[in-house]
Amino acid sequence: MRIPITLLQTYFSEPLSTKEILEACDHIGIEAEIENTTLYSFASVITAKILHTIPHPNADKLRVATLTDGEKEHQVVCGAPNCEAGLIVALALPGAKLFDSEGQAYTIKKSKLRGVESQGMCCGADELGLDELQIQERALLELPEATPLGEDLATVLGNTSLEISLTPNLGHCASFLGLAREICHVTQANLVIPKEFSFENLPTTALDMGNDPDICPFFSYVVITGISAQPSPIKLQESLQALKQKPINAIVDITNYIMLSLGQPLHAYDASHVALDSLRVEKLSTPESLTLLNGETVLLPSGVPVVRDDHSLLGLGGVMGAKAPSFQETTTTTVIKAAYFLPEALRASQKLLPIPSESAYRFTRGIDPQNVVPALQAAIHYILEIFPEATISPIYSSGEICRELKEVALRPKTLQRILGKSFSIEILSQKLQSLGFSTTPQETSLLVKVPSYRHDINEEIDLVEEICRTESWNIETQNPVSCYTPIYKLKRETAGFLANAGLQEFFTPDLLDPETVALTRKEKEEISLQGSKHTTVLRSSLLPGLLKSAATNLNRQAPSVQAFEIGTVYAKHGEQCQETQTLAILLTEDGESRSWLPKPSLSFYSLKGWVERLLYHHHLSIDALTLESSALCEFHPYQQGVLRIHKQSFATLGQVHPELAKKAQIKHPVFFAELNLDLLCKMLKKTTKLYKPYAIYPSSFRDLTLTVPEDIPANLLRQKLLHEGSKWLESVTIISIYQDKSLETRNKNVSLRLVFQDYERTLSNQDIEEEYCRLVALLNELLTDTKGTINS
């Protein structure tokens with residue numbers, strides 16, 4: 001779309017420079033560029049205002065003028081008779097190239113005239129090659145008071161236009177009024193409605209035309225008699241030509257100009273070809289051919305919106321009128337129509353029959369429904385200026401325009417989450433009101449009424465974008481927004497820790513083939529998903545994929561596999577599917593010794609140690625960790641268990657069943673653990689990391705051996721002591737567990753080491769002995785019920 005800068009300036013309370021207009025368009029999100037169709041022989045000549053002048057100290061006929069271009073001041077020596085303060089003139093800067101009366105080029109330089117420095121030259125019209133504008137000999141070219149300062153003179157004098165491209169969400173900018181309104185929102189200028197669009201409203205008469213409300217909820221027209229197809233005034237023709245519109249006749253030119261100015265398409269019919277009593281808008285029931293205004297004959301498919309009467313089709317609704325009933329050279333009575341077509345209806349029509357037109361461009365993006373009648377009234381006033389004797393009927397209207405504005409709630413917390421910056425409700429209200437919205441503060445949000453011309457505002461995120469328009473993109477005080485979710489950060493930190501600790505990270509696919517899934521021998525319901533010809537099942541455990549990868553590595557002469565994987569496993573619970581973020585650790589023994597050193601052996605406790613190291617790394621206390629027996633078919637029946645934290649199942653671990661390892665073609669023992677990272681992430685959210693200083697006083701310890709039944713976990717004794725709340729008991733460590741298989745009693749000896757510590761003083765033997773005896777007494781109560789004894 002093309003808009004002359006001079007025409008756009010009439011909508012602003014104060015002139016804006018071309019740079020300001022371009023910056024405003026960029027801020028709005030409009031692609032804009034300047035197009036100048038007039039060529040001048042000068043360059044580097046700008047507009048400047050004379051602030052003040054003083055007589056030249058060494059020359060009676062010269063004056064020293066101080067000028068401003070809006071940003072910088074310039075001192076120029078000038079001899080023109082009209083060099084006075086307050087004038088806006090043409091200032092040639094050093095480096096500017098001008099031409100003399102003989103056509104010879106010369107360059108303006110910074111120089112001294114009679115001892116006073118001159119930083120350029122104030123130009124007369126003849127010095128710029130604009131002899132027709134020279135009104136007095138040796139006089140300066142005087143520019144209008146509204147001329148913006150610092151602008152290139154060629155841009156100011158030339159036929160300069162703004163060429164813009166609109167995205168589909170900016171339909172409200174597809175007119176002079178709409179674009180000027182948006183520019184005013186992001187600049188300091190106020191919107192001014194030109195005088196030709198300021199008038200009293202005309203009376204309207206309601207009709208029931210039977211229009212399809214799903215296509216055209218509002219339709220209006222006026223009948224004007226006593227007009228002709230005479231040319232429009234020269235000024236209007238020049239305006240249309242600057243807009244790349246071909247002048248046709250007064251009536252058609254007025255409808256086109258109002259569409260470009262206000263954004264409301266109008267159409268003029270020859271009244272003798274329209275049956276007003278049956279005029280309506282509806283969907284075409286059967287395909288018909290129609291010759292359009294552009295002379296093209298098209299076959300209209302059924303379902304497209306049309307304007308018609310009982311006798312003929314009058315046009316393709318919202319797109320283009322038919323040629324036969326259009327305004328003719330012989331027309332003396334016209335029907336001018338203005339309507340509101342729903343954007344979704346016109347978009348559907350354009351898919352069925354894509355015919356580009358200025359009307360379709362605006363209707364598909366959405367026009368202001370409350371501007372339909374005012375645009376028709378503007379056309380009437382324009383016509384009366386050209387045809388004062390014309391007779392005007394009342395404005396007839398059918399349908400209703402929804403006067404209720406859309407309401408959308410905006411919450412400050414949404415802006416904080418998305419932009420990383422907090423706004424009060426009062427500030428949000430001020431910003432949105434400056435953009436033309438009405439606001440009502442609520443307790444925790446702002447209720448925003450959307451103007452009728454803003455079809456792009458439908459939900460909260462749209463208002464967030466509007467707030468972005470009021471903010472600089474270079475917000476230095478903006479709080480950094482975390483880009484990662486807690487579970488993502490946990491997975492990265494865990495992977496880094498395990499890799500640094502010596503494990504290798506494996507990556508296996510989520511989709512497995514049925515043969516690999518069968519390795520786990522689980523009886524869970526499988527989730528099928530066709531990934532390729534062979535991979536059809538989503539994994540319910542990381543074990544099958546890791547077993548297959550481990551076997552591949554061992555078969556390629558890897559001495560052992562010490563690996564981990566972090567991935568998603570899938571489970572089905574009834575009709576619902578659940579995804580769980582999981583960590584798996586897989587360890588295998590070395591196949592053979594490669595040196596004189598003995599082979600490092602692996603056991604169930606090696607695997608448990610890795611889990612405990614991981615928890616310790618994440619600052620989780622292993623005191624809350626309990627190991628319970630399990631009966632999972634994937635593991636060795638006597639070397640497996642379930643780890644629980646606060647009674648929640650957190651991990652399964654053990655030696656992979658030998659038959660399963662053999663089935664996977666692995667000859668050596670395999671140990672496997674699978675941890676629920678989602679549960680671990682929830683625990684970390686509840687964990688408070690506190691600094692614990694190093695002790696500066698020595699600690700003391702006592703060793704204790706207990707005889708307990710073999711089914712009592714040693715860790716139970718340890719936790720019993722730690723949970724008693726002793727103020728000096730620093731730690732309890734299991735030293736050894738011994739069981740004599742030759743004895744008939746099924747007991748075992750558990751040796752514990754109790755460390756006592758005070759961070760404020762050195763404990764005496766008496767303090768330690770008293771606390772030790774108290775803890776032993778507590779254990780005696782526990783062992784009395786289990787027939788255990790304390791040996792030392």
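The backbone N, Cα and C atoms fix where each Cβ goes, glycine too.
Annotated features in Swiss-Prot:
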{"type": "DOMAIN", "residues": "39-154", "note": "domain 'tRNA-binding'"}
{"type": "DOMAIN", "residues": "403-480", "note": "domain 'B5'"}
{"type": "BINDING", "residues": "Asp456, Asp462, Glu465, Glu466", "note": "Mg(2+) binding site"}
{"type": "DOMAIN", "residues": "695-791", "note": "domain 'FDX-ACB'"}
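Neighbour counts of Cβ atoms within 10 Å were taken for the binding-site residues Asp462, Glu465; the minimum is at Glu465.
Cβ-based crowding with a 10 Å cutoff singles out Glu466 as the top-ranked of the binding-site residues Asp456, Glu466.
Taking the mean position of the Cβ atoms of Asp456, Asp462, Glu465, Glu466 as the Mg(2+) site, the remaining residues of that chain whose Cβ falls within 8 Å of it are Asn169, Arg454, Ile457, Ile461, Leu463, Val464.
This prediction places the mean pLDDT of the domain 'FDX-ACB' (695-791) at 84. Helix, strand and coil residue tallies for the domain 'B5' (403-480), in that order: 29 helix, 12 strand, 37 coil [DSSP].
Across the domain 'FDX-ACB' (695-791), the DSSP tally of helix, strand and coil residues reads 31 helix, 32 strand, 34 coil.
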